Amino acid sequence: MLRTHDLGSLRSEHIGQTVTLAGWVGRRRDHGGVAFVDLRDASGVAQIVVREEEVFHGLRNEYVLQVTGTVSKRPEGNENPALGTGEIEVIAEDVTVLNTSDPLPFQIDEHVEVGEEARLKHRYLDLRRPGPSRNIRLRSEANRVARDLLHHEGYVEIETPTLTRSTPEGARDFLVPARLAPGSWYALPQSPQLFKQLLQVGGFEKYYQIARCYRDEDFRADRQPEFTQLDIEASFVDQDDVIRLGENIVKAVWKLIDVEIPTPIQRITYADAMARYGSDKPDLRFGQELTELTEFFKDTNFGVFKAPYVGAVVMPGGASQARRALDAWQEWAKQRGAKGLAYVLYKEDGELAGPVAKNLTDTERAGLADAVGAKPGDCIFFAAGEKTPSRALLGAARVEIGHRTGLIDPTDWAFCWVVDAPMFEPAAAAVASGDVAVGAGQWTAVHHAFTSPKPEFLDTFDKDPESALSYAYDIVCNGNEIGGGSIRIHQRDVQERVFELMGLDKEDAQTKFGFLLEGFKYGAPPHGGIAFGWDRVVSLLAGVESIRDVIAFPKSGGGFDPLTAAPAPITAQQRKEAGVDFKPEAVKPVEARKAEAVK
């Protein structure tokens with residue numbers, strides 16, 4: 001046994017006991033003839049008193065020590081109430097250096113700012129710091145709480161494959177060459193979606209796992225190519241059942257940070273969320289809802305406002321902004337693909353000013369403030385054009401206004417469910433936003449191709465896809481989507497109709513999803529589920545800005561790993577063995593390969 005006690009466990013009741021401890025050297029203080037060492041392990045820090053000068057002078061930061069000594073009360077006035085061990089110290093009798101340390105690339109101190117590149121390159125050192133260590137331990141606790149709750153509810157934890165076939169699910173797959181089948185490839189799963197549905201067919205009525213998922217996406221802010229979901233699926237449930245379970249999980253994990261989340265959590269339709277907040281993940285910690293002005297400006301002479309949609313959002317106190325600040329808003333809008341952000345300043349004296357105001361009629365000027373709920377001293381921002389991008393711009397401006405004006409209390413928690421989302425969107429729009437359309441049709445799924453339509457659209461979704469609403473539900477916290485799910489399609493003919501609408505004919509559907517369609521032939525039960533983005537959930541609990549801060553070994557921008565320098569080239573021998581460059585004359589059908597395997 002290298003130690004008898006954890007450092008952080010020592011208290012006044014241990015005074016007089018001989019203990020053996022192990023840990024890393026933190027701060028060292030030489031007081032002439034006696035030295036004090038802060039020794040640290042995973043449980044905390046304890047002060048070690050070293051009286052042998054020769055021993056002390058040989059120690060350096062982050063040396064690994066084993067110390068045997070006697071627990072003593074600190075001299076009066078030297079207690080440290082900030083430490084759990086602050087009432088005691090250990091008088092060292094024997095000090096053994098278990099390992100030395102080279103000079104550090106940065107200090108193991110949470111009060112010292114360290115660049116992210118250095119932190120990720122030496123992540124094993126970064127994890128010794130209190131903040132990163134605390135985040136990873138919080139993640140472990142969140143895992144435990146979720147598992148305990150789900151086991152109590154009768155859910156079974158089941159691992160699904162991480163080597164599967166490539167199936168279009170809305171993003172690009174990471175592909176893995178199959179050495180024993182040259183020219184064939186596995187794919188890493190974007191989610192356990194198809195397997196968890198087949199588990200329902202298999203009679204596992206309540207399934208969950210903490211699943212690793214992989215998506216080869218273009219770089220987006222705060223995304224990781226590999227990420228974690230708390231993945232859940234159940235048979236014989238409706239939307240209310242799944243939402244109720246999701247709320248119980250949220251309540252349980254938020255209790256880890258002593259926050260009580262009231263339930264039921266409010267529900268907002270997708271249409272309302274977009275109209276009122278310009279986002280399908282609205283931040284409800286503050287108001288400042290959007291106002292549609294299309295009808296208000298229907299007879300306008302101002303060319304900019306002769307548009308399919310005109311909307312506005314109010315910035316309280318914004319009329320006092322300097323010209324430089326107003327110009328900066330234009331640059332802000334251009335970075336989001338807009339031409340600019342029109343505005344009217346509602347002066348304290350009641351006058352309207354700014355470049356837009358002079359283009360308005362007297363009637364429009366007289367009614368504008370009341371129409372948008374502006375007060376003297378406010379600034380009114382406008383967007384005009386196609387409805388979707390205009391609302392998105394105003395929604396982003398709303399959040400920016402909330403931050404700039406202090407309307408958002410960072411200690412608040414505001415949750416909502418967004419329900420009744422469209423089932424389909426134009427495939428071109430999905431591709432433009434960075435997603436991958438599943439088929440070659442004009443329409444693709446908003447959530448995924450396995451989401452059921454709401455019952456009232458079951459007979460018409462493929463005839464009028466633009467109007468069809470899905471049986472989907474997303475949970476949002478402070479403007480972050482932290483989970484999403486749906487009631488699934490469980491009837492083969494309905495699933496085939498969805499595939500056909502999305503441009504997958506029967507042959508394509510059979511090739512890509514035949515195993516799922518086959519399963520649906522044998523009494524698939526009605527089922528539904530939800531998946532929480534676990535990295536995002538834990539980052540919110542930890543109060544950090546990036547999900548990288550709650551992942552033990554995250555990737556940096558573009559999916560690069562500074563620690564291992566992955567991805568990296570492979571050798572010529574590896575390429576040959578893996579069959580990366582293999583060019584088959586013709587890929588044999590699945591049935592032929594199965595027949596050969598049987599032989």
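Quick reminder: no glycine exception, Cβ is built from N, Cα and C everywhere.
Looking at 193-196, 205-208, 345-348, the range tied to region 'Aspartate' in Swiss-Prot is 193-196. In Swiss-Prot, the ATP site is described by Arg215, Asp216, Glu217, Gln224, Gly533, Trp534, Asp535, Arg536, and among Glu157, Glu159, Glu481, Glu577 the residue recorded at this site is Glu481. Pairwise Cα distances among Glu169, Arg215, His447, Arg488, the recorded L-aspartate-binding residues, top out at 22 Å. Looking at the residues that bind ATP per the record, Arg215, Asp216, Glu217, Gln224, Glu481, Gly533, Trp534, Asp535, Arg536, the two CA atoms farthest apart are separated by 20 Å. Each residue contributes its Cα atom, and for Arg536 (ATP binding site) and Gly77 (site 'Important for tRNA non-discrimination') these two points are 44 Å apart.
Minimal Cβ crowding within 10 Å, among the binding-site residues Glu169, Glu481, is found at Glu481. Recorded residues Glu481 (ATP binding site) and His31 (site 'Important for tRNA non-discrimination') have their alpha carbons 54 Å apart, per Cα-Cα distance. A C-beta separation below 8 Å, combined with a sequence spacing of at least six in one chain, links His447 (L-aspartate binding site) to Ala421, Ser470, Ala472, Gly484, Ser486. Secondary structure from DSSP puts Glu481 (ATP binding site) in a beta strand. Counting other Cβ atoms within 10 Å of each Cβ, the recorded positions His31, Arg215, Arg488, Arg536 show the lowest value at His31.
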